Amino acid sequence: MTSEKSLNTLGFRPDGLDMLVPGEVLRRRVIASGAWSLLLLPMSMAAYLFFLQVNLFDPFAWLTAWTSTLCSGCALFSLILLLISLLVVIAFDSRNYTVAPCLPNTRLAMLASIVQPYRFFHTLGHTLAGLLCGWAAAFLSGGRYKSLEVACCGHTSLSVGHGVQPGCLNELHLFIVLFGGFVGFTYSLLYFLKYMSYTAFPIIQLSKYLQFRAALPCIVKQSTKQAFVLLRWYCILYFFFGYIPRCWLLAGMHVDLDSTIPRLDSLIGLLNPGLLFQTWLAGTFILFTWYLAWALLRIHITEAYQFRVETSFVEDSEMCLPVVLASNPPPIVKFLALQDLAILARASPCRRRQVFILSQPGGRPHTWALLSSHCISLLSELTSKLSAHQDATTGDGRAATSSAHGSQHLPQPECLDMHTGLRNKIEGTGFQSSSVTSSPFSPGPLRTPTRTLSTTLSPLFSPRPLATLDTSIHALSSKMRDSQDLRSSLFGSPWHDKVDNSPIIQRRHSLWSFSCGAPMADNPNMGPSIASPMQRAQDVPQPDRGASKLCLVRAFLIKMPIVVYATQKIAESSSQALFADGQAHIWALEAVSHLVAASFTEDQYGVVQTNLSSILCAMVNLLEAIDKHFKLPQASNKPLRLTDSWPDASFKSLRFAVRSALRTALHRISNTFGHHLKAVDLSPEHLKRLQMFVDYKE
């Protein structure tokens with residue numbers, strides 16, 4: 001009998017699974033989707049020619065013209081050009097898919113994400129591919145749409161010396177070709193605006209054929225509708241700017257315009273039913289082939305892949321499910337592994353028993369430990385993100401409220417340079433008065449006149465010798481005069497008038513008969529002179545006029561409606577960004593809950609009991625964080641109604657799916673264990689919350 005080692009050398013596996021590196025599997029799937037797209041292209045072109053040669057009044061002539069065109073050499077040449085353009089589109093699509101979309105918070109950030117360098121090449125490639133497809137579609141149309149240069153109908157005489165009829169520019173052909181480029185440009189633009197790079201995994205696992213059959217009507221509907229909308233906008237643009245490419249070609253090709261055919265940048269030229277039908281059909285054909293390749297790529301990539309749970313071969317251990325999840329793989333590989341884990345836990349009892357076994361030698365549950373720890377880390381990571389967003393949102397709300405009340409009276413921080421300089425100058429003089437040393441723009445305790453007077457007059461009532469009373473009175477008078485003058489001239493105290501009219505201040509001339517300024521300097525017994533407030537203000541450097549103008553310009557721009565619209569946060573964008581990878585958390589919740597519920601009867605060694613408390617604690621903490629998140633004003637409690645199902649926009653409602661999956665997982669565990677959950681080592685708050693699930697009150 002051949003040993004397992006020799007079978008492994010020959011490339012066979014005992015269980016019949018084709019063990020490939022996940023990256024190699026993805027490459028094979030991309031190649032398979034591209035091959036199917038190229039194989040379906042001749043059928044799409046045949047359908048395009050069938051509708052192109054439509055003739056309801058003579059069906060036999062219709063079928064004859066369709067067959068002859070399909071078997072002609074121009075059809076083969078056009079097919080080669082279409083294959084090249086489709087390969088370019090497939091190459092760009094295969095490098096831009098993602099399982100977790102990047103959602104900008106503002107419209108300005110969305111615009112900045114579009115103009116990135118690598119997206120410029122994406123747009124350029126699709127525009128060139130659209131021009132190529134438009135030329136092939138016009139070439140297949142035949143007749144007056146076939147070539148860019150045609151014989152002029154208005155010239156009856158032959159050109160001198162050549163014996164040929166002069167050529168004219170065929171604007172009908174140019175119109176269809178430019179429409180192909182416009183379709184490619186808008187396709188690339190909408191590819192990022194509508195998040196077509198997002199790859200959504202199907203909720204119900206179906207075969208690839210059933211998924212393709214279900215997506216085909218949506219592709220046809222979306223292609224026809226979008227081609228009609230694009231044709232409308234293209235006619236408007238060509239009406240105003242169509243003369244630019246026409247004049248450029250007339251100068252480059254040295255041809256003229258046929259005077260017998262109306263120009264297409266006029267109403268008479270654009271109102272041509274035959275031209276509009278040919279152009280709309282060409283746009284529908286281009287969009288159909290591109291959307292078909294896009295859908296086939298998604299169908300192949302999201303196909304479930306079965307990983308090994310464990311293996312006896314050392315070289316295959318790195319491709320087992322627990323090791324792949326613990327090795328921080330690429331997002332698409334991580335999603336495929338979590339999808340397989342959820343399927344394993346839900347509908348594969350044979351593979352599920354491999355999770356609960358003990359490793360040999362050693363007798364430790366390595367498989368369960370790796371799988372459960374990864375799922376717990378996913379749930380804890382989402383909980384921490386929600387808690388951080390909760391704290392940031394609460395802080396921003398308080399800051400926004402305070403700034404809304406104070407922004408009408410307080411200048412910008414950059415405009416406070418003069419006040420800051422004066423404050424520092426005053427603090428350097430040694431004054432201790434709280435009304436002078438504190439900035440009126442900085443938060444602080446409320447200062448009342450009574451408190452300030454008591455602080456100022458405290459030297460009079462402090463126990464001091466009588467010899468120092470004159471010096472104290474002299475210093476006190478200087479402090480009171482300077483502090484009041486500075487407060488009134490620079491900062492404007494709201495209670496200055498009340499203090500100035502008080503009885504104590506009114507008696508200051510009877511108590512002290514000197515005044516600040518020069519007379520004080522003439523008297524040698526009055527102590528050192530103190531500079532007046534105006535003299536100190538002159539020493540402070542003046543603020544920069546350029547900075548002030550910049551501050552005013554910025555304040556003016558911020559209030560402009562278009563700037564407010566561009567910088568305003570998109571509704572629920574922050575909440576949607578938190579749950580952008582919510583599908584991974586849904587699979588983690590389903591896998592853990594099914595494994596825990598199955599362990600009640602299948603776990604012979606009790607390996608799940610080792611970290612059951614950690615699993616329940618992570619779930620309850622996540623439930624509390626989600627409940628708090630849904631109470632925020634930025635997060636809606638009702639899911640959005642997605643009227644347009646193409647492309648898939650299910651990421652906008654992933655937070656509701658995560659909440660439902662979490663509650664379902666807790667109900668599944670509580671229904672299985674019931675009152676045995678009281679024996680689990682949990683905090684009283686967590687046990688109380690779990691008891692609500694046991695009693696069906698949650």
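Just so you know, glycine gets a Cβ as well, placed from its N, Cα and C.
Heads up, TrEMBL stuff is auto-annotated, nobody curated it.
Values in this document were obtained by computation on a predicted structure and should not be read as measured data.
For reference, TrEMBL has these:
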type	residues	note
COMPBIAS	400-410	compositional bias 'Polar residues'
REGION	390-415	region 'Disordered'
REGION	428-459	region 'Disordered'
TRANSMEM	30-51	transmembrane segment
TRANSMEM	63-92	transmembrane segment
TRANSMEM	120-140	transmembrane segment
TRANSMEM	172-193	transmembrane segment
TRANSMEM	231-255	transmembrane segment
TRANSMEM	275-297	transmembrane segment
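Proximity of distant same-chain residues to the transmembrane segment (231-255), defined by a Cβ-Cβ separation under 8 Å and at least 6 residues beyond the stretch ends, is recorded for 148-149, 166-169, 171, 174-175, 178-179, 182, 263-267, 270, 276, 279-280, 283. Below 8 A, the CB atoms of the transmembrane segment (63-92) and the transmembrane segment (172-193) form no more than two pairs separated by six or more positions in the chain, fewer than 3 in all. Against the transmembrane segment (30-51), the recorded stretches 120-140, 172-193, 275-297 differ in Cβ pairs under 8 Å, and the greatest number is found for 275-297. Within its own chain, the transmembrane segment (172-193) has Cβ neighbours under 8 Å at 96, 110, 113-114, 119, 122-123, 125-135, 137-138, 141, 144-148, 227, 230-231, 234, 237-238, 245-246, 249, 264, 275, 278-279, 282-283, 286-287, 290, counting only residues six or more beyond its boundaries.
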